[in-house]
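What Swiss-Prot says about this protein:
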type: DOMAIN; residues: 3-118; note: domain 'MTTase N-terminal'
type: BINDING; residues: Cys12, Cys49, Cys81; note: [4Fe-4S] cluster 1 binding site
type: DOMAIN; residues: 141-374; note: domain 'Radical SAM core'
type: BINDING; residues: Cys155, Cys159, Cys162; note: [4Fe-4S] cluster 2 binding site
type: DOMAIN; residues: 377-440; note: domain 'TRAM'
Amino acid sequence: MSKKVFIKTFGCQMNEYDSDKMADVLGAAQGYEPTDDPEQADLILFNTCSVREKAQEKVFSDLGRVKHLKDKGVLIGVGGCVASQEGEEIIKRAPFVDVVFGPQTLHRLPELLNARAAKARPQVDISFPEIEKFDHLPPARVEGASAFVSIMEGCSKYCSYCVVPYTRGEEVSRPFEDVLVEVAGLADQGVKEVTLLGQNVNAYLGAMGDTAEKADFALLLEYVAEIPGIERIRFTTSHPNEFTPRLIEAYAKIPKLVSHLHLPVQHGSDRILMAMKRGYTAMEYKSTIRKLRAIRPDMAMSSDFIVGFPGETEEDFQKMMKLIDDVRFDNSFSFIFSPRPGTPAANLHDDTPHEVKLRRLQELQAVINRNILEISQERVGTVQRLLVEGVSKRDGSELMGRTECNRVVNFPGHERLIGQMIDVKITEARTYTLRGEVVMGEVTTAVG
């Protein structure tokens, strides 16, 4: 009987990718099979996020919920950014944890588990062996028509509020050829859409063979687009400072590059952006968007926003609201500032009452939601090209797919359509999703 591993993932798409790789490593080395039920697991892993305090504390709450399973001999591990940040402190706070490992050492999981058994004590490895992780991962195994591919790790921007450079290290790019080989392997398995991942993905500079030359992100996109079977290319997350003219021009040269971009701005006040050490102004950010939309008028934009950064005044907040109106974002991830230990912003004086921050967050989200609904309503009556991803989460009798602009569409259809690119006419708009019906025959397809 095979051993079972339960993996709970917190945070970003990079963590989702890493969780898949944990399962692959454990399956290849020790025969583990994934399970969705922690009660059936022989090994429970938490792949953690430390971007906000709430996410970090939830990890320890969840650890408490599975502690009783130790009586059955279940092994428990903590990986990801909380593991990287806290290290041995996790063992002190939760001594029943067996292994602690960082994002860069997940490939060593089998070794850590073997050492735990041999030495009868918890094992911790939160080192930064740079790109070694990718050299020791088994070939990607996927189910479905879309897949993530990590092309780089870490971030070297050191924004004043962010823990990523401390938990994932500085920027390290995978070799150019390695990325192309992985994408080609996924295409051979039927993948039609790839999402290229990195904390600062557009800073990619990958080694090209034994030469001193480096491939930038725009060149990588061109080569990925040439791989047979790949029909759509997405990427996340990008930094405004790295959005070069070459990358903007890629949207004119590469039709497979989708008309959707997640480009975190974080704020709309130049004073706050400077305090955040973001390295650009609101005007420079909007200039990048204007250039992109000159090439792709239908470009859908999403962003991250931090409300209540230390020293944020009502005037600063209104500047952020103006930027939101000017850009007309299609989606956002918005949060109240959460001071992270060890970052410069954690030491800044903050005298804004929490109720003021909460009111601002609610006001911001209300405007974003209004924009999202308006954009959704504009799609009604158009025909959208979808990649059908699976059964609808809203209604098990329907299917769901995603438009080029990253909008989910639910529609009635046969399961044989899963994994296919199809045309769907939009019949109804909701704030975050659309409803539609499959188009039969030849119909002019709108991009969306």
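Heads up, residue numbers simply count up from 1 along the chain you see.
Backbone N, Cα and C define each Cβ position, glycine as well.
Features per Swiss-Prot, on structure.
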| residue | record | Cβ neighbours (10 Å) |
| --- | --- | --- |
| Cys12 | [4Fe-4S] cluster 1 binding site | 19 |
| Cys49 | [4Fe-4S] cluster 1 binding site | 21 |
| Cys81 | [4Fe-4S] cluster 1 binding site | 27 |
| Cys155 | [4Fe-4S] cluster 2 binding site | 23 |
| Cys159 | [4Fe-4S] cluster 2 binding site | 21 |
| Cys162 | [4Fe-4S] cluster 2 binding site | 21 |
Quiz item: Other than Cys155, Cys159, Cys162, which residues of the chain come within 8 Å of the [4Fe-4S] cluster 2 site, judged by Cβ distance to the Cβ centroid of those residues?
Solution: Lys157, Tyr158, Tyr161, Val163, Val164, Pro165, Gln199
Quiz item: How many Å separate the Cα atoms of Cys49 ([4Fe-4S] cluster 1 binding site) and Cys162 ([4Fe-4S] cluster 2 binding site)?
Solution: 12
Quiz item: Cys162 ([4Fe-4S] cluster 2 binding site) to Cys81 ([4Fe-4S] cluster 1 binding site): how many Å between their Cα atoms?
Solution: 12
Quiz item: Per DSSP, how many helix, strand and coil residues does the domain 'MTTase N-terminal' (3-118) have?
Solution: 70 helix, 22 strand, 24 coil
Quiz item: To the nearest whole angstrom, what is the C-alpha distance linking Cys155 ([4Fe-4S] cluster 2 binding site) and Cys81 ([4Fe-4S] cluster 1 binding site)?
Solution: 13
Quiz item: Cys12 ([4Fe-4S] cluster 1 binding site) to Cys159 ([4Fe-4S] cluster 2 binding site): how many Å between their Cα atoms?
Solution: 18
Quiz item: Reported as an integer number of Å, what is the Cα distance between Cys81 ([4Fe-4S] cluster 1 binding site) and Cys159 ([4Fe-4S] cluster 2 binding site)?
Solution: 17
